[in-house]
Every structure is written in C-alpha cells, then in structure tokens.
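The annotation domain 'Aspartate/ornithine carbamoyltransferase carbamoyl-P binding' is assigned in TrEMBL to 3-143. What TrEMBL lists as carbamoyl phosphate binding site is ARG52, THR53, ARG102, HIS131, GLN134, LEU263, PRO264. As annotated by TrEMBL, L-aspartate binding site applies to LYS81, ARG164, ARG224. For 152-298, the entry in TrEMBL reads domain 'Aspartate/ornithine carbamoyltransferase Asp/Orn-binding'.
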Amino acid sequence: MLRHLIQPLDFTTEEFEQLFRLADQILENPSAYSDVCKGKLMASLFFEPSTRTRLSFESAMYRLGGQVVGFADAKVSSTAKGESLSDTLRTVENYCDIAAMRHPKEGAALLASKYMTTMPIINAGDGGHQHPTQTLTDLTTIRHYKGHFDHLTIGVCGDLKFGRTIHSLVRAMNRYDGVKFVFISPDELKMPQVFLDELDPQDYTETSNLKEAIKDLDILYMSRVQRERFVSEEEYLRLKDFFILDKEKMALARKDMLVLHPLPRVNEIHPEVDADPRAVYFQQARFGMYIRMALIMFLLGLGGQND
Ligand code: CP
C-alpha cells in the first residue's frame, strides 16, 4: 500500500517505534545498510530554504546507496513559469521512487499526495503547519537520552504560532501517557487554538515567564521566531528576542533537563549554553539523518515494517 508521511499521526506509535529501532540499528552498523536503496532515486523538492532537512535527507539517501535529484530553490524549477504543484509532482513521479518536499504553503504536501499512485511523499515542512520528520528527529533524541516518552513535562518556548516543528511535536507527544506541556510564548505567538483543542486542558499550561517555567521541565524545546511568516517586519523585530536562554536561566533548571532546538537558531539560545551537557541540539540534528534513513527504507518497503 502506498504510504505518505504528511503529519505525525499518519504513523502509529508502534510504527514510530519500528523506525526508532531501525534507526538504532543503522547507527550501530551503517555499512550493513550502505546499498539497501541501490537503484532507487529520491526527489528532493525544496521550494523553501533548508539546511538540515534537505541535507540530512540527501545524505540519508546517498548513505543507503540510492541517488538524489531535485532542487533547493523553486526559482530553478518550472514553478517559476507558473506550473502547478500537482503537475510538478505528477511529472516527478515518472522519474523517482520517493519524494521529500518542503513548501511554503500549508497543506501543499497533503495536496501533492492526493495525486500520487506510486511515489511516497514525505512532508519536509509545509508553511507554518507541520514538520513530521523534525518530530521523528526530536523523538529519536528524547528516546536516546531519556529512554522513554511517558510522563515527561515538555516546555515549548518561542514562536508557537508559526512553529511547524512545535505543532508536529505536540501532536506526536500527546499520544504518550502522562505527557504535560508548558507553552511558553509572548501573547502574540501563542499556540493556535486548533492545536490546543487536540489536548486535554489538564495536560497543558500557558505562560510568558521562561525563568519560572524552566524549573519544572524535563525537556525545554526552544524555537526561533519565524521571521518569514510575519506580515509586519516591525512586529518581528519587537518579538524576536523575547526569550534568550542563557547560563543564568540554565542554572534554574533541573540537572537532567534536556534542551532541544530544531535549528536554525538565531538569538534565542546564547552560544554560552552550547557547552552545557544538557544542550543536545547538535546531536539532535545528527539523529535526524539516521531516522530519515529509517523512514526512507520504511516507505520504500525495504525494512522496518515488521522488525
Ligand atoms: N529543522 C529544520 O527544519 O531545519 P532546516 O530549515 O535547516 O531544514
């Protein structure tokens, strides 16, 4: 059956666990997987800028022995001539076995998936909506360091309005037992009601006080203010440095609290925090490649389904 990954709930928690286990196996013995995708071609379709997602997907495919075609800038595709997204994807399906696509419009990946007959679509970020492979990356990191997901208190800090990584993370983590969320944002960038409605009101609190909230967290998930989604540059400039995580705030946190960030970072984590062993955002970016290797294999029917 043709499967896509458009948002985290497209996969069950059991399927997530299969991916985590497969990623562990790949990490332990990468050479055993170095030609499982031989002869397979991935389309890397990035209509919006990216460093980690695009390069980790492309590295993942090459490390599995497959190959990659695509673009990192919509201006060099026929989108610039007015071609529709559905026509572009129906064309790409003639050439490629799987596609990872980032697009500025919410719902673009879902729309593209409706036209597919053979090619799995992976949503590599659709506007301010969802970013499910970042969530797989985040959960791989949490699982690695904490060993479980249940009963964790997660502080999600920054731009909760436009942060697609946050929307996906909360949706995915809400499936585990006893998880509590602390949403830390300025009033203007609060978690959209549509995502809050998916949660039990007893499972979350909202605040704008990072110094108070940090004391009770198992995980602090920082995020940048998403400049590209603001209508007003003035509003962005007013809000961009609302939270800056520094040594002083880290001193208030638990000794085993983890700091995650999907990256890129702008100012919201001071570089002095990088040396703190609780800051695991660069390790997180590394896990992103291994879990994407597992995801590619899974969607191509090359392993992970019943491991
Ligand atoms: N985390 C993330 O999506 O980073 P990029 O925008 O660099 O891909």
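Any Cβ shown, glycine's included, is placed from N, Cα and C.
Feature annotations (TrEMBL) mapped to structure.
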{"residue": "ARG52", "record": "carbamoyl phosphate binding site", "Cβ neighbours (10 Å)": "18"}
{"residue": "THR53", "record": "carbamoyl phosphate binding site", "Cβ neighbours (10 Å)": "25"}
{"residue": "LYS81", "record": "L-aspartate binding site", "Cβ neighbours (10 Å)": "6"}
{"residue": "ARG102", "record": "carbamoyl phosphate binding site", "Cβ neighbours (10 Å)": "25"}
{"residue": "HIS131", "record": "carbamoyl phosphate binding site", "Cβ neighbours (10 Å)": "27"}
{"residue": "GLN134", "record": "carbamoyl phosphate binding site", "Cβ neighbours (10 Å)": "25"}
{"residue": "ARG164", "record": "L-aspartate binding site", "Cβ neighbours (10 Å)": "24"}
{"residue": "ARG224", "record": "L-aspartate binding site", "Cβ neighbours (10 Å)": "20"}
{"residue": "LEU263", "record": "carbamoyl phosphate binding site", "Cβ neighbours (10 Å)": "19"}
{"residue": "PRO264", "record": "carbamoyl phosphate binding site", "Cβ neighbours (10 Å)": "10"}
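Taken residue by residue with DSSP, ARG224 (L-aspartate binding site) is part of neither helix nor strand, so it is coil.
Checked against ligand 1, the binding-site residues LYS81, ARG164, ARG224 give no residue with a Cβ less than 6 Å away from one of its atoms.
Rounded to a whole number, the distance between the Cα atoms of LYS81 (L-aspartate binding site) and LEU263 (carbamoyl phosphate binding site) is 32 Å. Site extent for carbamoyl phosphate: among the recorded binding residues ARG52, THR53, ARG102, HIS131, GLN134, LEU263, PRO264, the largest C-alpha separation is 16 Å.
Taking the mean position of the Cβ atoms of ARG52, THR53, ARG102, HIS131, GLN134, LEU263, PRO264 as the carbamoyl phosphate site, the remaining residues of that chain whose Cβ falls within 8 Å of it are SER50, THR51, ALA124, GLY125, THR165, PRO262, GLY288. Considering only the residues assigned to L-aspartate binding, LYS81, ARG164, ARG224, the longest pairwise Cα distance works out to 33 Å. Cα to Cα, HIS131 (carbamoyl phosphate binding site) and LYS81 (L-aspartate binding site) are separated by 27 Å.
Taken residue by residue, the domain 'Aspartate/ornithine carbamoyltransferase carbamoyl-P binding' (3-143) breaks down under DSSP into 69 helix, 25 strand, 47 coil.
On a Cα basis, ARG224 (L-aspartate binding site) lies 14 Å away from GLN134 (carbamoyl phosphate binding site). Measuring Cα to Cα from ARG224 (L-aspartate binding site), the binding-site residues that fall within 10 Å are PRO264, out of ARG52, THR53, ARG102, PRO264. Mean model confidence for the domain 'Aspartate/ornithine carbamoyltransferase Asp/Orn-binding' (152-298) is a pLDDT of 95. Secondary structure from DSSP puts PRO264 (carbamoyl phosphate binding site) in coil.
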